[in-house]
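> If you scroll down you'll find the structure; I have some questions about it.
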Amino acid sequence: MEGKGPSFKVIIVGASVTGLTLAHCLHRAGIDYVVLEKHHEVHPPIGAAVAILPNGGRIMEQLGIFRHIEDRCQPFQRVHLCFQDGFYYDSLSPSVVLKRFGLKFAALERTQLLEILYTHLPDKSRVLTSKGVVRITPHGNKMSVTTADGDEFQGDLVVGADGVHSVTRREMWRIANIEQPGLIPFKEQASMSVEFSCIFGMSNPIPGRKHWQHIIRIGPGFTFLIFPAAGDSLFWVLIEKLPHKYIYPDVPRFSQEDAVTRCEAAASQPVWQEVRFRDIWAQRRGFRMVALEENLFRTWHHGRIICIGDSISKMTPNIGQGANTAIEAAAGLANVIYAITQNHHQPSDDTIHRALANFSERHRKRLDAIHLESRWITRLEACQGWVVTAFTRYVAPHCGDLFALGVVRNSYNGEVLQFLPLTERSGKHWPKLEWWNTWGLSKWQEFGERLVYCFGVVILLWISWAVFNVNQL
């Protein structure tokens with residue numbers, strides 16, 4: 001480990017993508033840490049895919065890990081956005097990203113990413129498995145974390161990287177409401193909701209089909225996401241709108257039988273050209289059905305506890321930013337810890353509070369915009385409402401490469417590790433963000449033509465809406 005700051009120990013709860021990324025960052029910063037993981041292994045074979053986009057990839061590049069991620073991924077150059085009536089259009093966002101940032105669109109199994117992060121962690125003895133946290137207790141300027149097997153760990157800061165069902169978040173709320181009754185109101189504790197289900201899986205190659213691209217199949221109340229995997233295998237996701245909204249923790253739980261029923265019901269749905277979902281389903285290797293929680297909590301920290309990643313920020317997989325914003329949060333928090341431990345004195349409670357408050361406020365502002373985009377895209381791709389459906393089908397295809405715009409825009413203004421040098425691919429010479437380029441527009445004339453077209457479509461939609469309302473009178 002590097003660094004010469006005072007003795008300061010971080011207890012990371014959860015060997016997740018967030019937790020292991022933070023472990024790498026702290027190692028490079030010379031900060032003492034331990035990772036407590038409740039499962040018996042660090043990278044269980046859970047099967048879900050994860051996308052690494054430039055805002056997460058640049059941090060992995062700084063840590064020297066991105067090249068190992070690239071080695072596990074199947075390259076692709078475009079995204080097919082397909083509709084029920086047979087119409088489709090392409091986004092060149094993977095090619096745009098590679099040209100602009102030097103980073104490939106990376107899609108791999110979450111367990112593969114965890115394996116990479118763990119394998120390349122210099123000191124694996126700091127990652128302890130079968131250590132489910134049951135209690136967190138403040139002791140003056142120290143924190144005590146108790147695990148289910150009775151072990152107790154002492155540290156200066158506890159970081160919750162333990163996912164959507166976070167014990168750390170629950171303990172933070174408990175302690176906060178003991179020390180300041182009402183600090184975490186019930187409204188915030190009940191602010192996470194579920195409106196969509198998700199079946200994610202992986203399939204072996206489909207006979208006669210090679211060289212897959214990323215596919216987004218848009219339909220009424222559902223969305224298919226297809227990602228190419230190594231060896232012409234496929235990652236796939238089926239997202240469906242649920243009959244009504246659920247408030248966490250009273251959310252549905254799904255069995256494998258539920259997943260089979262839904263997938264068989266979707267078997268006849270077209271995916272790409274002559275391939276239907278039944279062809280992908282027939283080659284299935286593994287699958288699982290879950291509820292998709294959505295929320296950005298407002299309170300991220302209290303005292304010497306802070307939550308990051310899915311424990312505090314949960315979105316659907318539609319824009320692929322869940323893991324990437326979690327990686328950003330790990331890097332941003334590492335920057336904060338590094339900064340407050342460089343004056344050779346133990347940071348006070350007040351110093352820690354101000355540092356965590358500034359970090360939370362800054363990162364939450366960025367996440368507010370990304371969450372808004374995620375919620376909008378999720379409902380847009382599920383054709384939720386006739387206005388959204390009309391925009392998706394008839395307006396968006398003529399507005400330039402909106403998909404590339406979103407990816408490129410979210411790649412800027414994110415966190416980087418301030419105590420490590422930037423490389424070419426982590427942003428040292430990234431081109432300046434110019435909005436007309438991100439739209440894929442080569443000429444102002446083309447922009448004018450598209451603007452006029454879109455304005456005309458909007459007027460037609462408004463007239464249709466007005467006529468519809470008159471007819472209802």
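Every residue, even glycine, has its Cβ placed from backbone N, Cα and C.
These came from Swiss-Prot, pasted as-is:
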BINDING   GLU37, ALA51, ARG110, ASP310, ALA323  FAD binding site
CARBOHYD  ASN358  N-linked glycosylation site
TRANSMEM  218-238  transmembrane segment
TRANSMEM  451-471  transmembrane segment
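Would you situate these features in the structure and describe their surroundings?
For ARG110 (FAD binding site), the number of other Cβ atoms no farther than 10 Å from its own Cβ, over all displayed protein chains, is 19.
ASN358 (N-linked glycosylation site) falls within a helical segment according to DSSP.
Within its own chain, the transmembrane segment (218-238) is flanked in space by residues 49, 51, 72-74, 76, 81-84, 107-109, 198-206, 209-212, 262-263, 266, 269, 271-272, 277, 280, 283, 285, 317-318, 378, 381-384, 389, 392, which lie at least six positions past its ends and keep a Cβ under 8 Å from the stretch.
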> Just to verify a number: CA distance, ASP310 (FAD binding site) to ASN358 (N-linked glycosylation site), in angstrom, no decimals.
20
> C-alpha of ASN358 (N-linked glycosylation site) to C-alpha of ALA323 (FAD binding site): distance in Å?
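About 22 Å separates the two Cα atoms.
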> How many other Cβ atoms sit within 10 Å of the Cβ of ASN358 (N-linked glycosylation site)?
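If we count other Cβ atoms within 10 Å of ASN358 (N-linked glycosylation site), we arrive at 11.
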> Any idea of the Cα spread of the FAD site, GLU37, ALA51, ARG110, ASP310, ALA323, as a max distance in Å?
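Greatest Cα-Cα span of the listed binding residues: 23 Å.
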> When you measure from the Cβ of GLU37 (FAD binding site), how many other Cβ atoms are you left with inside 10 Å?
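So the Cβ neighbour count for GLU37 (FAD binding site) comes to 25.
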